[in-house]
Amino acid sequence: MAPGSIASSDTSSSTSSSSTSSASSASAEGSSRPLGSEKPGLARGAVRAPRRHPPVLRMVLEALQAGERRRGTSVAAIKVYILQKYPTVDALRLNHLLKQALATGLHRGLLIRPVNSKAKGATGSFKLVPKDKRKIPPRKTAPRMPGQAEGKDPKKPSESKKDPANTVEVKKGSRKPREERAAPSKPGAAKKAPKKGTQTKDPEPRLGEAKKSSRRPDKAAQAPPSAGGPGGKSKVKERGSRQADTKAHRKTQPGSQSSKSTVTKGENGAPLAKKKMGGKVPKEAAGEGPKAKAPVPPKGAGSKKEPGPLAGKAEASKGPRKPGIPTKSSVSKAASKKAEAEG
């Protein structure tokens, strides 16, 4: 082989080996680099730039503190203050953000409107509330995560399932009073049983008889007051006639011990008879005087033997008295005097 051909083959092999070595070194470097070391693109969200201004509500509070007035600060003055102090604020979005900030300030009790203000929304004027009078409303708790809510929600249905069990227990408890209500009905049946017998009916007529017996003494008690009525005069007349008869009988008896006689008193006493007779005593009896009274007969005398004629005389005396006819008592006395004269 010619020497020139050998040299050309050596150079071609050296160039191929160098190319393979460079490729292997490049592959080794690529494998040694970490996968996440590549810089993320702008679409994935680059690092946020720092805020160019504080929250709008804080800026509003600063504006109100800077320009405190008696009647409050207008919304236009607040907006001018914010744009001058924080020029980086977007003027186009500021109107919307300012409206939200004022609403939240009123809700939290940080801002108030003047007394006579009737404005609404992002209009009118506002004032700061003093720190002493601020009322911080309770903050709302953070909403639960969906996983936690799913884990706790199933417990609520279990509680709701327990409630029907409680209602069943309440129903069972309500049945017991019904049984108790049914139990008192048994004494009612026992009350009905005695009605069949006659023992319960006996006390009622007995009570009726007792009432009748109690009424009878009332009538008897009412009888004595009637003595002073129209029938009382007839009874007094009967008593007077009986006394006159007893006097005449005593005078006719031969075995009388004394010439004096005592006047027998009735239930109401002899003075009643004297009052009724009054000045109607006949002259013959008045002439005899008190000494002409008949002697008192013994206890077994004949005053008791003549109940029949006395009853008849009493019945006769009940009739109407005529002015011209003398009383029977005077007739009986006259007859007794004739008998004495004949004796």
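Each residue, glycine too, has its Cβ placed from N, Cα and C.
Pulled from Swiss-Prot:
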- 1-32: compositional bias 'Low complexity' (COMPBIAS)
- 1-50: region 'Disordered' (REGION)
- 52-130: domain 'H15' (DOMAIN)
- 122-343: region 'Disordered' (REGION)
- 132-142: compositional bias 'Basic residues' (COMPBIAS)
- 150-183: compositional bias 'Basic and acidic residues' (COMPBIAS)
- 161-176: motif 'Nuclear localization signal' (MOTIF)
- 199-219: compositional bias 'Basic and acidic residues' (COMPBIAS)
- 235-247: compositional bias 'Basic and acidic residues' (COMPBIAS)
- 253-265: compositional bias 'Polar residues' (COMPBIAS)
Would you list the DSSP helix, strand and coil counts for the residues of the domain 'H15' (52-130)? 40 helix, 8 strand, 31 coil
Within the motif 'Nuclear localization signal' (161-176), what mean pLDDT does the predicted structure show? 51
